[in-house]
Amino acid sequence: MSIIPRIEAFADELTEIRRDFHAHPELGFEEVRTASIVAEKLREYGVDEVVEGFGGTGVVGLIKGQGGGNRRIGLRADMDALPIEEASGVPFASTNPGRMHACGHDGHTTMLLGAARYLAETRDFNGTAVLIFQPAEEGLGGARRMIQEGLFEKFPCDEVYGMHNDPNSEFGVVRVTPGPAMAGATFFDITVKGTGSHAAMPHQSKDPIVIGANLVQQLQTIVSRNTPPTKPVVLSVTRFNSGSAYNIVPDTAVISGTIRYFHDDVSELADQRIRELCSGMAQAHGIEIDVNLRNVFDVLLNDPDLTTAYVAAAAEVVGADMAAETMDQATGSEDFADMLKVVPGAYCWVGHAGNVPLHNPAFVLDDAILPVGASIYARIVESRLLKSTAD
């Protein structure tokens, strides 16, 4: 392990910052305190330009290297927490009821702050580092909003990089895969509009529960009988809400769930089949069925060449035997994918052996990983913006 000595020297300060963020978690687009501290720290570190309130509660910082140059490398960290009641037992646990940093975004933010401090102090690169502190990663479209507000027009980047902690891997292991690395995601809500009745006279109803239950079964055939087995896709029904009493057949049922995929054509096919199945079911029973489909995450596509470059930069920190292009595709989703649709780059996972899964009330991030992540962020900037490299 070769953590940058200058970063290692202020590792204790990074721990203090991370634990403060952890004790004061904020949900997506509510990261007012977090963003304020981020901006304050960036100015304290001497970052050349700090822009607050971008994409809601996002923060963007610019650091210019000693060698001048026009190339720009983006580094992104997410800031938001989850609506979870913390049960980790740590002394710096959440002080905000029903809010918790159960995905380690407090750590990601702190890692990028560590890299910002180092890069602002040394500036040993030729070009500009663009620091992107993103709000609302957890399904609220924070990356998409920053892009829509002109992130890469106002702060152009030639490449962009992100990372995520991995509590299920050995400490310091860096995993990344080229190409489609994380799934795209569509959320769906299907409203079955039947006719209610007294439960003792169901023949007078058009029972949305029976119709909906049949529809749930039919939805499973999309994966098993419509999509090609060579293109992985997951369709999960996760909610079925209907009724309010024992003796009433309700008039509506709402079915909700998600589709995960690695190929856009499969996503389009799944969307089409959901609409066709709902239309057929509505016609068969003489009712209306409304379908709402929302693309929430794009497929995360790592650029193959930049993936190799990211692994090489990480290997300078964790060692060549600990960094590799060996990660399996993940059916989880990540909205950094939206940024990678606009600017080429790569996204890696850094292990810290926390032993408790992400999004779990007992999740604990190992603070020892903070200088590791900060060093990887710093090394990718220095390696991609070499002072000896001409524009």
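Backbone N, Cα and C atoms are what each Cβ position is placed from, and that goes for glycine too.
Taking Cβ-Cβ distances under 8 Å and a sequence separation of 6 or more, the neighbours of Glu138 (Mn(2+) binding site) in its chain are Leu27, Gly28, Asp80, Leu82, Cys103. The Mn(2+) binding site annotation in TrEMBL covers Cys103, His105, Glu138, His164, His359.
The domain 'Peptidase M20 dimerisation' feature in TrEMBL is assigned to 184-274.
Each of the binding-site residues His105, His164, His359 was assessed for Cβ neighbours inside 10 Å, and the highest tally belongs to His105.
Residue counts for the domain 'Peptidase M20 dimerisation' (184-274) under DSSP, helix first, then strand, then coil, are 33 helix, 36 strand, 22 coil.
Under the DSSP three-state reduction, His359 (Mn(2+) binding site) is assigned to coil, being neither helix nor strand.
Sitting within 8 Å of the Cβ centre of Cys103, His105, Glu138, His164, His359, and not among those site residues for Mn(2+), are the Cβ atoms of Asp78, Asp80, Leu82, His101, Ala102, Gly104, Glu137, Leu358. When secondary structure is read from DSSP and collapsed to three states, Glu138 (Mn(2+) binding site) falls in the coil class.
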